[in-house]
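Before any comments, here is the structure.
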Amino acid sequence: MSIDKSYCGFIAIVGRPNVGKSTLLNKLLGQKISITSRKAQTTRHRIVGIHTEGAYQAIYVDTPGLHMEEKRAINRLMNKAASSSIGDVELVIFVVEGTRWTLDDEMVLNKLRDGKAPVILAVNKVDNVQEKADLLPHLQFLASQMNFLDIVPISAETGLNVDTIAAIVRKHLPEATHHFPEDYITDRSQRFMASEIIREKLMRFLGAELPYSVTVEIERFVSNERGGYDINGLILVEREGQKKMVIGNKGAKIKTIGIEARKDMQEMFEAPVHLELWVKVKSGWADDERALRSLGYVDDL
C-alpha cells in the first residue's frame, strides 16, 4: 500500500518596516490576513498564515519590521518578535524595496547572515522604480551581499512574480505531516483578527495624523441569536487630543472606521456583525511593558 507524501514547513517573511511584507503574505495566501497600511510598523504581532495546496502546506510567519530604534518598550518587543521568527524556520523571505537600500536593510541582512535557513530575496515594488536602468546594477549589488537561494523582483501589490516565490517555497518544504487542517488560513482567533481589522481602518482613515500609540482591545466578542456576532472594540490612545482625532467632528471619523471595519469582519467571519467602538485615553501604554503584555504584545515570544 503506497502512502502519499506530505510536505510542511515554516517560512519567515522579514524586512525593515513598510517594504510590503504584509501585502506579500496576503497575496501568497490569496486573501487578507495581515493588516496593510502605508504607515511603517503596522504589523505588531507575528501572524501565522497557512497556505495548503494538495500535499504542500506552507506556514508563513509575518514579522513586525525589524528596525533600528529601540527606545520604547513596544519597539523593543516588536524587534524581539521579528528576530525570534528568523531562528526557527525552514526558509526566510527577505523583502526589500525597489532600488532603496537603508541601514535598516543592512541590519536585517546581518541577522540573516548569522542564521541557518536559506534566504529568498524578494525585491518588491519594482513596478514603482522610475529609472529602470538602475534596477539591474542594484540587483547585482544585492546578489553580492549574501549567497541568496534566489533573487526575485516582485510587485506584491499587483501579484507580479508572487507565484514564483510560492513555487520556490513549495520546492523547499521538508517532508512532514501537515500541522493544520487544509481549510485553515490562520491560527489567530477571530477576536484577534477583529482587533487587527479595526487597527487597519484607524491607520487608513487617520493616516499620518495618527501616532503609533494607538491599539485596539476587543472587550466583547459573542455570538448572537441572529447567527452573527456582537463585538465591542476599545480603542486606546495616549492623549486627549488623539481621542478627539479618532472620534472626529461630531463622531464622523469613528463612524466611518466602524462601518468599514464591520464590512471587513462580515466578509472574514462570513456572518452578520454588530460592532460598537469606544475610545479611551490610557497614557503611556506603549512605554509600559506590563500593559503591553496585557494587550497581547508578547503572547508569542
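Any Cβ shown, glycine's included, is placed from N, Cα and C.
Positions annotated as GTP binding site by Swiss-Prot: 15-22, 62-66, 124-127. Per Swiss-Prot, domain 'Era-type G' is recorded for 7-175, and the stated evidence type is sequence analysis. The domain 'KH type-2' annotation in Swiss-Prot covers 206-283. Look at Swiss-Prot and you will find 15-22 tagged as region 'G1'. The feature region 'G2' is assigned by Swiss-Prot to 41-45, with sequence analysis given as support. As annotated by Swiss-Prot, region 'G3' applies to 62-65. Annotation source Swiss-Prot lists region 'G4' at 124-127.
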Exercise. Secondary structure at N18 (GTP binding site) (DSSP, helix/strand/coil)?
Worked result: coil
Problem set entry | Beyond the flanks of the region 'G4' (124-127) by 6 or more, those residues with Cβ under 8 Å of it | 19-20, 24, 95-98, 135, 153-158, 160
For this session: Could you tally the C-beta atoms, other than its own, that fall within 10 angstroms of the C-beta of N18 (GTP binding site)?
Result: 19
Problem set entry | Structural state census, the region 'G4' (124-127) (DSSP three-state) | 2 helix, 1 strand, 1 coil
